[in-house]
Structure formats: structure tokens, C-alpha cells
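Chemist: My questions all concern the structure below.
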Amino acid sequence: MSKKLRVGILGATGMVGQRYITLLADHPWFEVVLVAASSRSAGKTYEQAVAGRWKMDEAVPTAVRELTILDVNQVSQIAKQVDFVFSAVSMSKDEIKKIEETYAKAEVPVVSNNSAHRWTPDVPMIVPEINPDHTRIIKYQRERLGTTRGFIAVKPNCSIQSYAPALSAWRKFEPTQVVATTYQAISGAGKTFKDAPEILNNVVPFISGEEEKSEKEPLKIWGQVDDQKREIIPATSPIITSQCLRVAVLYGHTAAAFVNFKQKPTKEELIEALENYRGVPQELKLPSAPAQFIQYLTEDDRPQVRFDVNFENGMGISIGRLRTDKIFDWKFVGLSHNTARGAAGGAILCAELLKAQGYITAN
Ligand SMILES: N[C@@H](CC=O)C(=O)O
């Protein structure tokens, strides 16, 4: 068996960092050898640093308990010890942009959960089933950064994962207009019910920056690599408008969506397109790839967070309630796991794709 790639987690103590740690505990290709966080946690063991703030159901994996946390700003020291890093650092957007680029320039591939670089034109924003070919922009990014190994790749916001996969499966029917209302879990804000008592018996109709991300990010994912401009040119349709609400759910973002199409597909055609949607992760059988990317549920009261959020270990998308509408052509409800597919799990699948394509290698 070939040696595992050495991974560092930047921002290892936060909720997304903790999810990386648990999802990577028995990963066949990657081994967490380094954990980094802010200077407040640096010098502590991982177990000490997360004591009293560990939010996962699983115990802290034995292999990382005794790792000493490094300061994320110790870039050259960290660069020597890893083959690549996952970034879930919590800083201002400008600081994140800068530190992720510093790692890339230190020849460390960075797979990021943060939004800071999502609109950097030569940074691919990847959902491996949808736009695996966008990774070819990395050669231009490396030329700009002056690197041979280092680069930045990002995953999109968790809010889009409940409806963008269905719209991707339906691209051939040319969606023109989409309304998507999301009902987002509190873990998306890094909280549990213990930290967020204000959400009980409540719906909060505002999540900062979320609606813009929900409307724009799918367009970059459906865009094209322009070899002349050396950037990814976003698609111009469909027009998406969205409202994002925080609800009293721990894990699972639900979307209620309406769609108009240029072509006029039947319900059977739409369901068939969902169920047969396969991508490179399924073809290559990447370790975190769901066998079935999208399931269609026929029961009137599904998808439900309680029953469906863990479909395919939280890496599959559940769609249901597809029906015609008085104003739009079709409406449907979608559900995705926001910290698995929507955050750390999506980034791990992205890193698996990058390894399979030869962009992440042993240093
Ligand atoms: N911003 C999201 C998290 C997704 O990445 C949320 O607040 O739910």
C-alpha cells in the first residue's frame, strides 16, 4: 500500500476543523499529522485545546489527541511537515486571503472551506461531481503565484448544496430562473443548541452574506475555464434569487426551490436526470464519494432532516416534492448535510479529486 499523504488542518479547533479531524480519522489516503490554530491555542495538545468545546458526537480520535497545536502563522515550519493543508481558519476575509496565499507560495496546496478566495478568478471552486475539469485552471494560478506545487482550491458555500446539484443534473433542460429559500442548520454558524438557545422556537430571517453566495456561487461552478484570460468565466444563467433563514436544526440545510426552464421537461425526465447523475468521483470511486450522488424521494413528507440528512454518510443529496407550479414550471425541496457534503466532507472529496488528478502529491 502506498504511503498516506501528510495533511495539516489550519483552524483545527473550530467546528469545521473538528469535523475534518473526525472524517479523516481512518482515511485511506490522508493522515492528519499537524494541527494549527490561533496563537491562543498554540502550544497546547489538541485534546487540551478542544476540552470543553468538542462538538462532535465521536470522541477526539486517538491519533490527534497528543499533537501539539502550532500557530497558523508559522507557515514555513508547517510547510516542511505536510503534503497539503485543509484551511478552516477563522480570521477576517483579508487575513484569510493573505494567509492562504502565503501557504500556496510556500508550495503547500491549500484546500479551503473559506469564502475568501471563492471569487479569485484563477481559483477553482469545486463540487467534484459537477465541475472536476475546473482544476485545470491551477496551472495558470501556479504561474501567477510562481509556484510548482502550491495552489489554492476552494469548495462553495454549504447553502447551495441542497439545490445546485439538482439544477446541475437539469442543465440540459436549460434552467432560466430559480427562486431558492434555504432553511439552514445552526451548525452552519458553528453552533450547537447549547451555544444557541435563542434559536429554540424561533426562525431567524438573516444570515450575513448568505443570500449573495447562494445566488452567485452556482454560476461560477457552471462556468468555463477561459485559456486566453486564464480565469474561470461564470455562467450567466439561470438567474437565481434567494432568501436564507436560520432554523432550529442541528445538521442539515433544506431548500424550497422553484424553477423555470427553456426546454419543458416532464417529471419523469427530471427524476431520471437526478437519479442517473454521476460524476468523476463515482467513476473513480473516490474514498468519500457517495455511490448515489442524488436520491429522489417519492413520499409527500420527504426529504426530512431526521430521516435523510445522513444519506450516503452525509455526502448524498436528497430531493423530493417535485411538482408543477402556478407561477414557475416546477418546484421541489432539497436537503444536504451542511458540515459533511457542505463543508469538511466536500473539501475532503475535493482533495481526493485533486490527488487523483495529480495536483496533490507527496512532497
Ligand atoms: N454560512 C453557512 C455555512 C456554510 O458554509 C451557514 O451559515 O450556514
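Cβ atoms are placed via backbone N, Cα and C, with glycine included.
Just lifted these from TrEMBL, have a look:
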ACT_SITE  CYS158  active site, acyl-thioester intermediate
ACT_SITE  HIS253  active site, proton acceptor
DOMAIN    6-138  domain 'Semialdehyde dehydrogenase NAD-binding'
Chemist: Please report the Cα separation of the residue listed as 'active site, acyl-thioester intermediate' and the residue listed as 'active site, proton acceptor' in Å, rounded to an integer.
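Modeler: Taking the Cα atoms only, the residue listed as 'active site, acyl-thioester intermediate' lies 8 Å from the residue listed as 'active site, proton acceptor'.
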Chemist: With DSSP as the yardstick, break the domain 'Semialdehyde dehydrogenase NAD-binding' (6-138) down into helix, strand and coil residue counts.
Modeler: 43 helix, 25 strand, 65 coil
Chemist: What is the number of other Cβ atoms found within 10 Å of the Cβ of the residue listed as 'active site, proton acceptor'?
Modeler: 30
